[in-house]
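Written below as structure tokens is the structure these notes are about.
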């Protein structure tokens, strides 16, 4: 008998282990792909079925339901079978982080943060001769917090009281006993629009500008201003049709109007689409909430070190002369890395961590705040999947309402209208928060964004289109970081004491010569 040698036995065992590992890897990869495809299919099926009225089944298959059971089934259905359908589902990154390979990428970003901190400490130790660990930039950016809190509290209380009270008073005027329902509707709509534009629109902006709030504090107030305006519009838009439908026929019982508790929950819920009820989780995982809030705090410090190590040294030492092509091109390409890091941090900190933390505290079960936008091969798909929360509001209250008013005849005009509204609001936020008007984002949004939306459409498939999309994103964020940073420092170096209206519209970086440096 010939027995195999020890080396041959070890070789055979090694080959079996390799085959086993390959089989496990293929199994996990196939399961992930299958799960992803099933989730996409079910999401699209739910969204499509939400717009359709289900056909009744025969009585043999469909036993009669009680009124309580029927109302329970309608809890999460949009009114009249239209609109967004909320279901219980997890956020995509929570599922992906269960895969070791994806979690390793997260660990790589943590390692990069550690290197940023170490490099800052080492440079400060060499320059100062001691370990300097201060956060002057954060202290400056988040200054005047008491005023920010007071402004937010006033905005929130006004949104809690005014739209809710106006809607309930208006609904009472639509009954049979009232003699002039149309005149009352015009009156209440006028009061509501005046409230939106002046009380909620003008006053917070006036407070921010006149008190010279620093940038991060301005972002808090203005972002909350926009969010609350969108919330108020959604509440009115979703509830007015049910009253008008009843007032038209007046055959059935009067509609059940929202309660204060339902409206209050909606104001805090991580969605911009109002429903009387949402799918809810049974318990709150406070450990999960603490983890997400700590990740938000970590992302904030991450952004701080990105600006301290990659942005401020470059733009503080740059020669602020008349802009030329060479300096601008170098600036754009040097700004790509911080721009990409800021993009990832904003997505992870807000769309994943912040919204999931609030959703968990409110037991809000629908966690689809974004989709797999990083796999997009078209900008049309990227716009739909990057920020699902805002996209839903724009789609249902801007795009579909525009098509409804135009009787579905002007789809390109509806898309242009949505792009214009989004670009104007984004530029308004940046202009107020930075304290100057420099419509870089507006031009990128309206010119390149619209162009890429039609060129890189949904029929574009394959890896090359994903590479083109990422290249465009990287370059676009480099342009934004470069030009806005140049303008920020130009505003510091070359302040205008008594600017005219044209001076406010003209960027200072186009004509500023270097003066004494101001941090």
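Using N, Cα and C of the backbone, Cβ positions are placed for all residues, glycine too.
Those TrEMBL annotations? Automatic predictions, nothing curated.
Summarising the annotation, TrEMBL assigns transmembrane segment to 105-126 (among others). The list of residues near the transmembrane segment (105-126) in space but at least 6 beyond its ends in sequence, with Cβ under 8 angstroms from a Cβ of it, reads 97, 132-133, 298, 301-302, 305-306, 308-309, 344.
Under the heading transmembrane segment, TrEMBL lists 138-171 (among others). Sequence-distant contacts of the transmembrane segment (138-171) (same chain, six or more residues past either end, CB-CB distance under 8 Å): 184-185, 188, 191-192, 195, 199-200, 204, 207-208, 211, 213-217, 220-221, 224-225, 228, 231-232, 235-236, 239-240, 243, 255, 257-258, 260, 263-264, 267, 300-301, 304.
Under the heading transmembrane segment, TrEMBL lists 183-209 (among others).
The transmembrane segment annotation in TrEMBL covers 286-307 (among others).
Residues or ranges marked as transmembrane segment in TrEMBL: 327-355 (among others). Long-range contacts of the transmembrane segment (327-355) within the same chain, counting only residues at least 6 positions beyond its ends with a Cβ under 8 Å from a Cβ of the stretch, are 91, 93, 109, 270, 292-293, 295-296, 299-300, 302-303, 306-307, 310-311, 314, 318-319, 321, 367, 369-370, 386-387, 389, 473-475, 477-482, 485-486.
Feature annotation from TrEMBL assigns transmembrane segment to 413-430 (among others). Beyond the transmembrane segment (413-430), the same-chain residues lying 6 or more positions past its ends with a Cβ under 8 Å from any Cβ of the stretch are 219, 222-223, 226, 394-395, 398-399, 402-403, 406, 438-439, 441-442, 445-446, 449-450, 453, 484.
Packing around residue 426 (active site) is summarised by its Cβ count: 16 other Cβ atoms lie within 10 angstroms of its Cβ, all protein chains included. The active site annotation in TrEMBL covers 426.
Cβ atoms under 8 Å from those of the transmembrane segment (436-455) belong to residues 379-380, 383, 415-416, 419-420, 422-424, 426-427, 430, 472, 476, 479-480, 483-484, 487-488, 491, 504-505, 507-508 of the same chain, restricted to positions at least 6 beyond its ends. The feature transmembrane segment is assigned by TrEMBL to 436-455 (among others).
Annotated transmembrane segment per TrEMBL: 467-486 (among others), in sequence order.
Listed as Cβ neighbours of the transmembrane segment (467-486) (distance under 8 Å, sequence separation of 6 or more from its ends, same chain) are residues 311, 314-315, 318, 320, 323, 328, 331-336, 338-340, 342-343, 376-379, 382, 430, 434, 438, 440-441, 444, 448, 452, 456, 509. Distant neighbours of the transmembrane segment (183-209): 147, 151, 155, 158-159, 162-163, 166, 169-170, 173-174, 217-218, 221-222, 225, 228-229, 232-233, 236, 432, 435; these residues of the same chain sit at least 6 beyond its ends, with a Cβ under 8 Å from one of its Cβ atoms. If you look at the transmembrane segment (286-307), the same-chain residues 6 or more away from its ends with a CB under 8 A from one of its CBs are 109, 113, 116-117, 120, 135, 137-138, 338, 341-342, 345, 348-350, 352-354, 356-357, 360-361.
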